[in-house]
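As written in TrEMBL, here are the features:
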BINDING   11, 391  Mg(2+) binding site
BINDING   18, 209, 210, 211, 212, 213, 284, 285, 286, 332, 333, 334, 335, 336  ATP binding site
BINDING   92  substrate binding site
SITE      181  site 'Transition state stabilizer'
SITE      242  site 'Transition state stabilizer'
C-alpha cells in the first residue's frame, strides 16, 4: 500500500456522516461506513473494510466532528498504511447556488458561500459546513474539495432556469431553478457515452436518477440543458414523500381553507406526499410493487402516476435535445424496479418508439449484481440503459484533480 493514493469522500446529512475511502483510478473501496443519529443518545457508527463483515460502535451524543474523530482515532489508527494513503478529501455539497459550476478547493470564501445559500438547503448545508470544518481539523495536510449537486446544472440556459416571476426576486434572492443530483447525472452521462462508444461531447442523453428523491436531466454534449428539480428538490417527479410539481394555488388553498401555516404545508409537501400519499402503503417502492402485482387500487395509482410523470418529463426533453441517443435509468428505483422501467417505457413506445427487451429488463437489477448495460431491443428508436450510479467515485475523481 506504500505507493497507493486514495481519496476520502464525505457526505454529511443533518444527523449523519457517510464516508468512503477509495481509489479514484479503479473505484475500489477500501473502507465505507456511516455515523447515524448524531446528537442523540443512540448515535452509532458502522463501517466495513472492503468486503469484510460490517462492524459497529456506539458513540452516544456524538456530533459530526466527534464522528470523524472516531473514524481517524479508532477505525483508521490501527491501519496506518490506509490512513497515510489518503491524499485528498472530497465533500458532497447539496446546494452551491449560482456560486459554483464545478468542483472547488475549500477555503473560507467557499464555506461562507455555502452558508449564504442555507435557505435553499436548510437541513443539508449547515451539516456540510460542520463536516468541512471537522474534516479540515482531522486531515489538515491534504486538499479538501467541494463537489456541488447543483454545479452540473449551472449550464442550463435562462429559458430553462428562470421562473416567470418579477425579476427582482431572481436578482435579489436568487430564486430560480437549480436542480439536484448533478454529480449523479454527470456520472451517468459519462458512463452512457462509454456504452455508446462515443465521446460525451457527441451524445444527447436523458438521465433518470430515481430514488427516494428523483430527478431527470437533459444532457446535450455533456452539459445539462434542463432538469426537473427546481429551486429546491421538491419540484418535478413524484417522489417517496414529496409532491413533485404541483399547482402553487394548492398552497394558498390549504392555508386559507384549513388555516395552515406555510411551515405546515411545507411539511406535508416534503414528508407526507408522493408515493406515500398515493399508495397509502409506503414511501418505499418495493411494497408498492407488491401491491401493484396484486392489483391493489392505490398501489396501481401510485406506480402509474410515478411512471406517467416520469414519461412526460422524458418526452418533453426531446425539445431542448432535438434527438436522443439514450435514456438512462439509475438510483434505487431505477436500478432495482424493473416494473417501473417497463411501465415508463411502454408509455413512451407509441410516441418515441422506445422498446424494452423484457428479459434483459427483468434481469437488470443492481441488487443481483448487474453492473449496467443495454436493456432495449435492437428495434428501439432510442437505446435504453440501466447504469448503477456512483456519486462517491465522481467526488473522489474531482478531489484528485486538485493534487
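Every residue number used here counts from 1 along the chain in the order it is shown.
Quick reminder: no glycine exception, Cβ is built from N, Cα and C everywhere.
No curator has checked TrEMBL annotations; they are predicted automatically.
Positions of TrEMBL features highlighted on the structure.
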{"residue": "18", "record": "ATP binding site", "Cβ within 10 Å": "17"}
{"residue": "181", "record": "site 'Transition state stabilizer'", "Cβ within 10 Å": "32"}
{"residue": "210", "record": "ATP binding site", "Cβ within 10 Å": "27"}
{"residue": "212", "record": "ATP binding site", "Cβ within 10 Å": "16"}
{"residue": "242", "record": "site 'Transition state stabilizer'", "Cβ within 10 Å": "27"}
{"residue": "284", "record": "ATP binding site", "Cβ within 10 Å": "15"}
{"residue": "286", "record": "ATP binding site", "Cβ within 10 Å": "12"}
{"residue": "333", "record": "ATP binding site", "Cβ within 10 Å": "27"}
{"residue": "335", "record": "ATP binding site", "Cβ within 10 Å": "22"}
{"residue": "391", "record": "Mg(2+) binding site", "Cβ within 10 Å": "21"}
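Taking CA atoms as the reference points, residue 181 (site 'Transition state stabilizer') and residue 391 (Mg(2+) binding site) are 9 Å apart. Residue 391 (Mg(2+) binding site) is 21 Å away from residue 284 (ATP binding site) when you measure Cα to Cα.
Take the Cα of residue 11 (Mg(2+) binding site) and measure to each of the recorded positions 212, 242, 335: the nearest one is 212.
Largest Cα to Cα distance within the recorded ATP binders 18, 209, 210, 211, 212, 213, 284, 285, 286, 332, 333, 334, 335, 336: about 24 Å as a whole number.
For the pair formed by residue 335 (ATP binding site) and residue 391 (Mg(2+) binding site), distance between Cα atoms is given as 14 Å, rounded to the nearest Å. Only 391, of the recorded positions 212, 242, 286, 333, 391, have a C-alpha within 10 angstroms of the C-alpha of residue 92 (substrate binding site). A distance of 13 Å separates the Cα atom of residue 210 (ATP binding site) from that of residue 242 (site 'Transition state stabilizer'). Here the candidates are the recorded positions 18, 242, 333, and by Cα distance the one nearest residue 391 (Mg(2+) binding site) turns out to be 18. Among the binding-site residues 18, 212, 286, 333, the residue whose Cα lies closest in space to that of residue 242 (site 'Transition state stabilizer') is 212. Neighbour density for residue 92 (substrate binding site): within 10 A of its CB lie 23 other CB atoms from the protein chains shown.
DSSP classifies residue 210 (ATP binding site) as strand under the three-state reduction.
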